[in-house]
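Chemist: Just dropping this structure here.
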Amino acid sequence: MDDYMVLRMIGEGSFGRALLVQHESSNQMFAMKEIRLPKSFSNTQNSRKEAVLLAKMKHPNIVAFKESFEAEGHLYIVMEYCDGGDLMQKIKQQKGKLFPEDMILNWFTQMCLGVNHIHKKRVLHRDIKSKNIFLTQNGKVKLGDFGSARLLSNPMAFACTYVGTPYYVPPEIWENLPYNNKSDIWSLGCILYELCTLKHPFQANSWKNLILKVCQGCISPLPSHYSYELQFLVKQMFKRNPSHRPSATTLLSRGIVARLVQKCLPPEIIMEYGEEVLEEIKNSKHNTPRKKTNPSRIRIALGNEASTVQEEEQDRKGSHTDLESINENLVESALRRVNREEKGNKSVHLRKASSPNLHRRQWEKNVPNTALTALENASILTSSLTAEDDRGGSVIKYSKNTTRKQWLKETPDTLLNILKNADLSLAFQTYTIYRPGSEGFLKGPLSEETEASDSVDGGHDSVILDPERLEPGLDEEDTDFEEEDDNPDWVSELKKRAGWQGLCDR
């Protein structure tokens with residue numbers, strides 16, 4: 001600490017304090033995070049992970065790491081100071097005046113670039129929110145606060161420990177399911193929605209209704225003056241099934257964001273980190289399959305046309321009457337050729353349908369009665385890969401023996417029971433909680449002037465676990481590999497920490 005002079009405190013949280021400091025020799029300003037070190041060795045190691053991860057993240061859209069050291073029972077992380085404040089402050093300063101779309105998309109593109117970088121490094125941020133997005137006076141946007149981040153063992157893994165701020169948490173975490181990089185995309189969508197509306201996407205008067213609204217994924221539409229592409233982008237990021245959400249790479253290589261990477265960002269920023277993304281954009285273009293044409297037919301047609309043109313050139317010196325007769329003959333021959341081709345196509349099609357030596361098989365377009373008959377009285381069961389009975393024409397039964405970890409897919413009911421009588425201060429430092437006797441609203445920093453409704457479309461019954469939630473989609477980042485963890489069940493951990501072991505049994 002001797003090399004730094006503390007100027008003032010710029011933030012405070014459960015971790016400790018954030019200080020604005022000045023380096024004694026260079027007079028340069030830095031932000032310093034002061035973290036109280038726990039007494040246990042394992043917890044101390046976890047606290048040190050933030051410094052280790054941040055030191056690896058060298059990117060213009062990520063808060064730069066300078067150094068870290070320990071003194072007097074505290075860990076100090078010195079990092080770049082962003083003189084424009086955080087995004088939450090910027091949103092609140094608007095006081096109801098909406099941001100222009102080009103500004104929103106410029107900020108969002110830079111956020112995507114930062115998130116894409118950490119995902120390429122196999123890191124999940126796990127607490128992306130407006131307070132953790134920082135601005136500089138020259139227009140740069142930077143992702144910060146890696147205190148909740150997690151390094152996965154491989155790029156195709158899932159994490160399973162609950163971390164995050166409730167307003168930005170995706171449905172799969174509330175449902176106690178493993179999650180991957182797509183949880184960060186949901187949180188990024190929450191920030192984009194806040195930039196467009198100056199409000200949280202999900203607002204409620206209680207934990208119960210907040211969780212139910214998030215699990216349903218229903219949001220109010222954006223203001224109508226924003227473009228259709230922007231509104232579609234928000235909807236894509238709020239897909240309940242994680243595999244249906246775009247990855248950061250996909251966001252940067254398609255649509256309006258892709259155009260911004262090349263056109264709207266300053267040239268010096270593109271020179272710094274844009275080459276990789278621009279290359280991905282080029283590779284992603286023109287991937288849609290096109291209708292195939294018969295090249296031999298094209299060559300025949302071109303040959304016929306060429307010979308016709310040559311004949312016309314040779315006879316060009318003939319009389320006007322000869323030219324007219326030539327044209328009439330050409331028209332008649334063309335009509336006859338078209339008629340012959342149509343008849344020929346019909347006969348060829350009939351021959352193909354009846355020919356036994358086809359390259360492509362013609363599948364019968366009827367209901368598969370055999371399969372329906374076999375499955376008519378079968379019970380619907382989850383199964384593994386080992387068959388005990390493989391008799392033809394019967395339903396195969398599978399054993400439950402498996403070497404694969406079976407995740408406990410709890411419904412949000414368990415969580416709701418735990419939080420039934422919970423103190424709303426568990427919503428972390430991000431939120432302003434009304435004290436008892438003041439209507440008990442669960443409020444976020446952007447819901448001070450709003451009274452959220454407790455109505456939830458569809459009630460409890462509409463919150464149904466999607467059995468294909470973790471099935472791989474088209475995005476190559478989606479996998480079905482799980483991350484090993486000593487404590488995969490965050491709901492049980494929540495019970496333990498809150499001292500509510502017997503609450504659910506009441």
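Here the Cβ of each residue, glycine as well, is placed from N, Cα and C on the backbone.
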Chemist: In Swiss-Prot, which of these is labelled phosphothreonine: Thr293, Thr321, Thr450, Thr479?
Modeler: Thr479
Chemist: Could you say whether, by DSSP, Ala18 (ATP binding site) belongs to a helix, a strand or a coil region?
Modeler: strand
Chemist: Which chain-mates of Met1 (N-acetylmethionine) that are at least 6 residues away have a CB under 8 A from its CB, listed by sequence?
Modeler: Ala71, Tyr76
Chemist: Out of Ile10, Glu12, Gly16, Ala18, which of these binding-site residues shows the lowest number of other CB atoms within 10 Å of its CB?
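Modeler: Fewest other Cβ atoms within 10 Å, among the binding-site residues Ile10, Glu12, Gly16, Ala18, is found for Glu12.
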Chemist: In which DSSP state, out of helix, strand and coil, do we find Glu12 (ATP binding site)?
Modeler: strand
Chemist: DSSP three-state call for Met1 (N-acetylmethionine): helix, strand or coil?
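Modeler: Its secondary structure by DSSP: coil.
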Chemist: Restricting attention to the domain 'Protein kinase' (4-257), give the mean pLDDT.
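Modeler: The predicted confidence over the domain 'Protein kinase' (4-257), as a mean pLDDT, is 86.
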